[in-house]
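Asks: The following feature annotations were taken from TrEMBL:
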type	residues	note
TRANSMEM	137-160	transmembrane segment
TRANSMEM	172-189	transmembrane segment
TRANSMEM	218-236	transmembrane segment
TRANSMEM	248-268	transmembrane segment
TRANSMEM	280-299	transmembrane segment
TRANSMEM	305-327	transmembrane segment
TRANSMEM	348-369	transmembrane segment
Amino acid sequence: MMNTSKPLRPEPIGTVHFTGAVSSEHGETSPLLPWNDGQAATRENTFRSELWYLTKSSLPISLGYLLQNSLQLASIVIIGRLGPLELSCAASGFMIATCTGWLLAVGGTTALDVLGSRSFADESEDISMIGVYLQRCLCVMTGLYIPVALFWCFCGPLLVACGQSHELAYGTQHFLRLLAPCGLGYIYFETFKKYLQVQISIADEICARILDIRAPGTIILVIVSILNIPLCWAATHKWGFGLMGGTLATGSMYWTACLLAIAYASFVDGYQAWIRPTKVVFEGLGDFIKVAMVGFLMVGAEWWAFELIAVAAGAMGGLAVAAYVGVAASNRIGNHLGMRKYGAARTSAHAASVIAVINGCIASSTIFFNRERISLLFSNDDDVVSVAVAVFPWGAAFQIFDGLQAVNSGCLRAIGRGDIGAKFNIFAYYSMLSSSLSMCNTPFLKSQFDI
């Protein structure tokens, strides 16, 4: 059962308490992450240890998001066997779901990353505040999902107005209507996953946990991913429910993941931060919404830009591990700031950027040297493969910069300056979007890619 008594905060092993105050005078050249006055007395958080910690922390998060995306990918492949129309409806439906509902889950819950991780590490603040933030997040996400669900249920006319065929537009609407009751399961699972992730102390040995609290989300996703494929295939093909069966089967996996996460947080670990619902939850909703909207805009600026490009010029997949290094970095920096370890927070930010560059190099090399093999995974058409092979090197070229953007967005969220990242993202993506779309139609590029 969830504990309602005041939670006990363990004393970190080897914690150094700083008594020096940080200067409140800041100029234009003042760093966002200032060094603490006591930094000369301790170097407990070295660059190497931060590099290792962030790498270790981001792996289960990255694997978790990969498995989460595999649910809808498997559904698209299985439903696509019914025919080209069903394939198009599933692909179009999940694209809209990603740009709206899933974006709400990933972007909006960054508020829990920012506020929760700092609260967990701040010894002056009751750990039960994480439970308050969780309940605020659930309220906000539920409220914001209502207009999204209504849009899903009545998006057919808008899709027709955007140029889709009547058959595809209303087929996509039918798909999204089936998915709408399951969208909250996805959002709630993402919320409880973040609730567990923020409860990472500044040193892993502080809390004697049965299982690393980052791992349950990944383990749950492994379970539902294994269940999803046979259930989706049976509902779609064996039991004859077709598109409806495949959609509801995958949607039920979202609720299964959500219920398993709630069960883990209630009976195994993570319940220490829970608090019974009180009026305090509703008193700070406005501030929470502001932080959530910043995360929503920051993530949405990138996702919407890529989806617009996908609609206009065709889609090309990417490697998004760097974004999840950013999640780990956001939690880690928030922990350091909560414990007033500003120098350590700065070291974490530097280490996260190094990981982004390394990951970008690996991703670029993988895409460039395997561009033909990757292209053949999606199509056997020679013309399609030749165009994809020509385009992949351009996609490989920006992996490093995209990774740095994702990681440093997480760092900005951690210090409460997500508004800066949101402004930069909106300017960068949308000031160049029109140029990108125009270039797609230039005679030079058409001749280069033979289109």
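Heads up, the Cβ atoms here are built off N, Cα and C, so glycines get one too.
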Asks: Below 8 angstroms Cβ to Cβ, which residues of this chain, lying six or more residues outside the transmembrane segment (218-236), approach it?
Replies: 60-61, 63-64, 67-68, 70-71, 74-75, 78-79, 81-82, 189, 242-243, 245-246, 248-250, 252-253, 256-257, 260-261, 264
Asks: Which sequence-distant residues neighbour the transmembrane segment (172-189)? Criterion: at least 6 residues beyond either end, Cβ under 8 Å.
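Replies: Answer is 88-90, 92-93, 96-97, 101-102, 104-105, 138, 141-142, 145, 148-149, 152-156, 159, 164, 220, 243-244, 247-248, 250-252, 254-258, 261-262.
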Asks: Checking distant contacts: for the transmembrane segment (137-160), what same-chain residues at least six beyond its ends satisfy Cβ-Cβ under 8 A?
Replies: 92, 96-97, 100-101, 104-105, 108-109, 111-112, 166, 168-170, 172-173, 176-177, 179-180, 183-184, 187-188, 191, 194-195, 281-282, 285, 288-289, 292
